[in-house]
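Chemist: Feature table excerpt (Swiss-Prot):
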type     : residues : note
COMPBIAS : 182-194  : compositional bias 'Polar residues'
COMPBIAS : 327-337  : compositional bias 'Basic residues'
COMPBIAS : 346-358  : compositional bias 'Low complexity'
COMPBIAS : 359-368  : compositional bias 'Basic and acidic residues'
DOMAIN   : 6-153    : domain 'PHTF'
CARBOHYD : N296     : N-linked glycosylation site
CARBOHYD : N664     : N-linked glycosylation site
CARBOHYD : N723     : N-linked glycosylation site
REGION   : 173-194  : region 'Disordered'
REGION   : 227-251  : region 'Disordered'
REGION   : 273-371  : region 'Disordered'
TRANSMEM : 98-118   : transmembrane segment
TRANSMEM : 126-146  : transmembrane segment
TRANSMEM : 464-484  : transmembrane segment
TRANSMEM : 520-540  : transmembrane segment
TRANSMEM : 601-621  : transmembrane segment
TRANSMEM : 635-655  : transmembrane segment
TRANSMEM : 727-747  : transmembrane segment
Amino acid sequence: MASKVTDARDWYQKKIGAYDQQIWEKSVEQREIKGLRNKPKKTGHVKPDLIDVDLVRGSAFAKAKPESPWTSLTRKGIVRVVFFPFFYRWWLQVTSRVIFFWLLVLYLLQVAAVVLFCTAQSPHNIPLTEVIGPIWLMLLLGTVHCQIVSTRTPKPPPSTGVKRRRKLRKAAHLEVHREGDGSSTTDNTQEGTVQSYGTSTSYSIGAVFRDIWHAAFFLSGSKKAKNSIDKSTETDNGYVSLEGKKTGKSSEECAQAQERLCEVIKPEESGWSTTTMRETFGTPSHHKETHRTVTNLSDEVSSEEGPETGYSLRRNVERTSSDGTLRNRKSHHYKKHYPLEDTPKSGTSCSSRCSSSRQDSESTRPESETEDVWEDLLHCAECHSSCTSETDVESPQMNPCVKKEYRDDPFHQSHLPWIHSLNPGLEKISAIVWEGNDCKKADMSVLEISGMIMNRVNSYIPGIGYQIFGNIISLILGLMPFVFRLSQAKDLEQLAAHSATELCITAFGSNGDILVLSMVVISFVVRVSLVWIFFFLLCVAERTYKQRLLFAKLFGHLTSARRARKSEVPHFRLKKVQNIKMWLSLRSYLKRRGPQRSVDVIVSSAFLLTISVVFICCAQLLHMHEIFLDCHYNWELVIWCISLTLFLLRFVTLGSETSKKYSNTSILLTEQINLYLKMEKKPNKKEELTLVNNVLKLATKLLKELDSPFRLYGLTMNPLLYNITQVVILSAVSGVISDLLGFNLKLWKIKS
């Protein structure tokens, strides 16, 4: 229905637009329709030695983004929390098995608490907010988690292995046909599979819990899917590279599949000539046989694994098909200077060697995110430099699977142009490093300098003060109902005269009713657990902000000899244009390093929750400030407001300090002074130093133009919505202060 309305709207727009057209506009439209079809074209290359404004701004280092809007993600998060058992597969894939069972127990306990509250007949002093409060917090946490994992949306596996193989084979053939037609590849086939699976499956309550038990204890696909999701990388153009660590079973099956594939395509002789290779790639029978072998092996492997693992293994087998065919190439083919007639017509060996080198390094090194990233970047930078001339010419008869692998490789899509433009032999700067008391010079690239900074940040031992503070607040909020009932029932002097049994009866709000006691205990457990989870997320965000500040501090120490030696980082001066370029690249990369959007979601949720709590408190104070503290939930709101405000102040302090470190133009001004000092000592280099000085001045102006002040909320807020929120909240605070102090006070001012 929506598509028909859209088509009708477009048709009517064109219809009424035709009445306004003149002759010149029609001729222009005819030329626009022709486009570039009749234009002569020749091969061109992007200048690798130039920089874009995206590089300085940081948007060149793309981060993962969700495909759905935040309203859809909020709705999905609420639905997945309310119907938690029915979405057990999704929760198993985006969390671990232990966390899933913990959340399931909390969900069942909360349901039991609501049922007990509704069925309790005896009079009790338990307010409704004590039972309903954890539900709102559970919905908030579920929504936040759904927005965090929205960039990695796993798809449930089909019901049977035969249907899975059939649909995977169909999807593979459709992808090949789309590749041959030159059209863009989408996930329509997979989406259709998921939709048909979701609509054709109906569960009873007993079947749901039986499937939960079976999935948690007897299926390993969710664990593998989680590993592949956690290790995947995605950019703005929708690329997903699943490089998760495989279990022993999947690794053995993949190795066997690779051995069988290599036996099929292995030549009878030890070496092939270039002519033989060209004939082999040009033979249609060999092309079809190889593709059929890859498809069969991928179907065989994926029939026993989960969807994400099967996808990874299929990509692995496809890499092996290209690598096994090309690996007997002689070493002189990779030299930069060779005759054109000896040049192979395929550019996939670079991608194959890059992928295999990354897999080999992943199997031997420890599990570290930093090492994984830098190994990938270093291997692919070397691979790119060795295969630059080889990838200039592409074969029109390339294997579609290999061409898809080559096209989907993120290291060949210029997502990191400043890395790929670096030649390891040329794009280096002379930096000073300290080994004890010895000062030595070394030629270092951007990757090596940033790697040393990251190692220094990772070696930093974070404090646990805010974690302890979160634990204390969780316990206080959990015990608040008991303390409030004791304070309302008895005076402090009378409490000492009562026995422990009477105090417990008063604190639990019942005279021994087992249903009420169970409800209070369950609410206490659920409340403490959910509040602890929320403050745990805030502690994770606080640590991330602290790491960003450390990145900024160490980056500022690079151009200071004393601070660089103290911080054990390299030291170099901005005395050349190349040094300035690498300094700007390093600055942008470090600003984008680490969690970005996920942490912004947590901080934004805390910010919006604080605004809501402050607004409710102000409304309660304006409505009934005489009896404000006589309500249990008002005490909880005050505690929430104080604790969240402390965390937000911490975020504001760290974020503002980080922005100040990166926007510190005193470094560039100091380097300009050093250039003038160098001009005085070396008049013969005055022209060169003047050029560098002018570039420094331009860099200073550019940073001032692009840098923006720190924002507490990570989500983009409409200016109108921001002004409305500011007016409502600050007006409420102004009203409270004016009512309590007795004079008018305005704290807000609308800004355009």
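Backbone N, Cα and C atoms are what each Cβ position is placed from, and that goes for glycine too.
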Chemist: Pop the mean pLDDT for the domain 'PHTF' (6-153) in here, whole number is fine.
Modeler: 84
Chemist: Which number gives the other C-beta atoms within 10 angstroms of the C-beta of N664 (N-linked glycosylation site), all protein chains shown included?
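Modeler: Excluding its own Cβ, N664 (N-linked glycosylation site) sees 14 Cβ atoms within 10 Å.
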Chemist: Just to be sure I understand, if DSSP states are collapsed into helix, strand and coil, how many residues of the domain 'PHTF' (6-153) fall in each?
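Modeler: Summed over the domain 'PHTF' (6-153), the classes give 101 helix, 0 strand, 47 coil.
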